[in-house]
Amino acid sequence: MHKDHNNSSSAPTTPRIRHRRRSNEIPHELTKLNGTHLLINDQDKYKSMWIRAHSSLWMLGGFLFMLYLGHLYIWAAVVVIQIFMARELFNLLRRAHEDRRLPGFRLLNWHFFFTAMLFVYGRIISQRLVNTVTSDKFFYRLVGGIVKYQMVICYFLYIAGFMWFILTLKKKMYKYQFGQYAWTHMILIIVFTQSAFTVANIFEGIFWFLLPASLIAINDVAAYFFGFFFGKTPLIKLSPKKTWEGFIGASVATLISAFVLANIFGHFQWLTCPRKDLSTGWLQCDPGPLFKPEYYSLLGWISYWFPWKEISVLPVQWHALCLGLFASVIAPFGGFFASGFKRAFKIKDFGDSIPGHGGFTDRMDCQMIMAVFAYIYHQSFVSPQDYTVEMVLDQRILSVVCTQILTCVSC
């Protein structure tokens, strides 16, 4: 009995494991607020506003510089943002202990990433790349061959990554590895879906990239300031600092900004002309009917109080109102989705690359939805259709007539 007592007293106790909280992890006490932590009640709101404003000015300056450089440099900036977003999302489900047992597994994630990049952008810029090198026969044939076999190249790069993944599977690590494999493909869908539409908008004319992106930024800033000074009514529990006052105020500000900015941007050919090749030269083109002003006479009582007899409106401004409505009502749900996603993983931000804002993914949550909508709207309601209903009917009638003639001849 004495021996058993000594053994039980000397039995090793399980050490208490201390979990180190990540910099972007949300504190436990904040997770219990669930919609009551409004920005108007935040004690450190002026400090956070200063940090946020300072970093916003730096981002605005870099953004304007990219716009001045042109289409290719904006595309390069989109690629850089993609890489940061992918890095933040890749790190979200990684475990350091498992990664040490899987050397080269992170490299496999980036292999899939750059394969997807080659596939998506290769499809978008293939014709523009051919148009750029038409003056040189050698480069024309080289680029033509790359464009022709681009899909085959991407497919076998993906198959190589697939085989690489299968060969690196380890016992007792299957669940983690397959989870990372599925997570990688989900990231590729999220990142490249929105970026593909973004790049397509850029080459259709910087206007169709700049205006939607600006509206999202204006909506975000307006919602922040209206909520900062007037926010008292919580909007949604997923995002505790969002208020109805900020949402409504931002919607009005976004619609007004859409109408005004469309008029300003529409007067610059550098923004409205599409880019058909990959050169960096200055653009000149026929602005088209959307960017030619239409004049409307003002009512008598308005002209009595104001010196204007008529106003000029670009037709594209009416389209801008549709973009502004989407940016103020629908696009914020991308931010709500991201907020719920972060709460599911108990993190405050996706990263800490931008002081006061979090990571690049935190800034792109609403931009993803907006870029897709802007492209679809442009293709559906703005871009001229190559085929009209009459043309389709004429082709159908012609094919029926030819079929009947051939039948008669065979008889």
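Placed from the backbone N, Cα and C atoms, the Cβ positions cover glycine too.
Summarising the annotation, TrEMBL assigns region 'Disordered' to 1-21. Look at TrEMBL and you will find 57-86, 107-126, 146-169, 181-200, 206-231, 243-265, 316-338 tagged as transmembrane segment.
Counting Cβ pairs closer than 8 Å and at least 6 residues apart in sequence, the transmembrane segment (57-86) and the transmembrane segment (316-338) reach fewer than three and form no contact. Cβ atoms under 8 Å from those of the transmembrane segment (146-169) belong to residues 102, 104-105, 108, 111-112, 115, 118-119, 122-123, 126, 129-130, 177, 181 of the same chain, restricted to positions at least 6 beyond its ends. Per-stretch counts of Cβ pairs under 8 Å to the transmembrane segment (181-200) identify 107-126 as the leading one among 107-126, 206-231, 243-265, 316-338. By number of Cβ pairs under 8 Å, the transmembrane segment (316-338) is matched best by 243-265 from the list 107-126, 206-231, 243-265. For the transmembrane segment (206-231), the list of distant contacts is 38-40, 45, 49, 52, 56, 67, 70-71, 74, 198, 241-251, 253-254, 257-258, 261-262, 265-266, 270-272, 316, 320, 323-324, 327-328, 331-332, 335, 366-367, 370-371, 373-375, 378: same-chain residues at least six beyond its ends, Cβ to Cβ under 8 Å.
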